[in-house]
Amino acid sequence: NDKKSPGTRPEDEAEGKPIQREKWASKLDFILSVAGGFVGLGNVWRFPYLCYKNGGGAFLIPYTIFLFGGGLPVFFLEVALGQFTSEGGITCWEKLCPIFTGIGYASIVIVSLLNVYYIVILAWGLYYLFQCFQPELPWAKCNQPWNTDRCVEDTVRKNKTLMLTANITNFTSPVIEFWERNVLSISSGIDDVGSLKWDLALCLLAVWVVCFFCIWKGVKSTGKVVYITATFPFVMLIVLLVRGVTLPGASEGIKFYLYPDLSRLQDPEVWIDAGTQIFFSYAICLGAMTSLGSYNKYKYNCYRDCLLLGALNSGTSFVSGFAIFSVLGFMAQEQGVDIADVAESGPGLAFIAYPKAVSMMPMPTFWAILFFIMLLLLGLDSQFVEVEGQITSLVDLYPSILRMGYRREIFIAVMCFISYLLGLSMVTNGGMYVFQLFDYYAASGVCLLWVAFFECVAVAWVYGANNFYDAIEDMIGYRPNRWMKWSWTFITPVLCAVSVLQPHILTTCSTAQHCPWISNKPLSHIYLLRVPSTVMCCHHNSERDFQRLARVFKNKLTSWHTHDLNQRWANYGTRAEANPSSPW
């Protein structure tokens, strides 16, 4: 009655056979897992604001260029690579192009840091959800213990006589004071860390426990959890969309969201925002999509589903803008201000603008609960998919050790606990500043673009785009559109290189005033050096890897049409010894 971890079979252990890799129970498991992984908070709180900020409908031009020139090709590359090798984000590169295994290590560093701070957003959301179960939303009025004398409710702020006799800069709203003084208890700067917020620490622990139980049994459990976490947010988003467009002032909000300003396309920052948003929203360059693809059956048509999932992801971002800006238009009309004064991005939208808007609606508690449940589910499946990608990549490095018995479950628990301890620094009085530093630098657009550049170079120029197309044809039965090959070879590397080298991407973040001892450019340059430095550290003593790379340059792929991957690599070793001049 001894239970084994996913992928471990007692007969394999007894006979000393290689541990068998588990597979998705159904195609829908994979589709929902990927959808849950990249349809997350960025689709709801970042894309609509970027669209408004960068020229409305005109922003869709650079967004579409980066979508077809970078996002979709790299997304398909990672899923196909995982399916082809049946390996996670590190060992897939060891098999395909060993000298570029550093790409996998860079991805793991990025996703590990991302997992530490991304889940803090869920802790904030859970805290807000608990606060909703009160007779009155605590951020609606200025009658709470944390409110100051400067707190003024919106009904008072609309009084023109008061506005004429007082300086409006002296006032704050109850929703801002709830966020800053109650939720965060924010300090004066990062040098004033303050004490731990135990209520937020418990919320953080709760979401980590949920995340652990979503993935602790591998893709068999993950594939079932996403039936809820990946579908409910879409239902709630549709409900909020219908409610939003029926509010007074919604049309003005939508107009601000989509009104095209073509002059904004001359600003390089608009193009950088488009590229960064694409790479963030598709969860690429993190190893997660490669890990999810590695659980596919070898003959699975990943090309078809990647195109459908890409349409779903970008379509969700676009539709979210209507749901968000219709509500912001309503709020602007209620307050008698311009929409530009209420439009927010990131935490400002989720924890200030939208809660303030729902407090003005009929049945505010119901809509607040609905919004924060959607927020939690959107973030939760993205979180545990990224953690699953991290765990898969690390377990695949040491399969004989970490897949035996309950070691995988124990390893997941240890990784989650370590990440929780690191995240405690972000639920202190000065934790918001730490969070912003992670947000700007830990998984910035520079990092993702840099990793994507090397992924395309490794596949298209070192391994060979035609060779990879041969492998894909063997898996799905036909060759994908040549656009993918052109993108891997030329378009995506050029887009990534131009974006990385733009000086605007290294501008000082808004937190610099709180941390003057940190220079942003050296930090950004450290990330730029992460991939090549990791490559050299991993391979400078590995003569066999360099010999294999040289053979790849000299010879063409000849016999990768064996479905058993273990046998394929065993055959590779035999052929290499028998014929050193042949790469395979």
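Just so it is clear, glycine is given a Cβ too, placed from its N, Cα and C backbone atoms.
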According to TrEMBL, which candidate in S86, S281, S419, S425 joins G36, V39, N43, N313, L378, D381, S382 at the Na(+) site:
S281
Which of these, C132, C151, shares a disulfide with C142 in TrEMBL?
C151
Between C151 (disulfide bond) and N313 (Na(+) binding site), how many Å separate their Cα atoms?
40
For the transmembrane segment (307-332) and the transmembrane segment (30-48), check the count of CB pairs under 8 Å (sequence separation 6 or more) and say whether it reaches 3 or more.
yes
Looking only at the recorded stretches 198-216, 225-250, 270-295, 361-380, which one has the largest tally of CB-CB distances under 8 Å to the transmembrane segment (30-48)?
270-295
Leading stretch by Cβ pairs under 8 Å, where the reference is the transmembrane segment (410-435) and the options are 102-130, 225-250, 441-465:
102-130
Segment proximity, the transmembrane segment (60-81) to the transmembrane segment (361-380), 3 or more C-beta pairs under 8 Å:
no
Return yes if the transmembrane segment (60-81) and the transmembrane segment (198-216) have at least 3 CB pairs under 8 Å (sequence gap of 6 or more), otherwise no.
no
C142 (disulfide bond) and N43 (Na(+) binding site), distance between Cα atoms, whole Å:
32
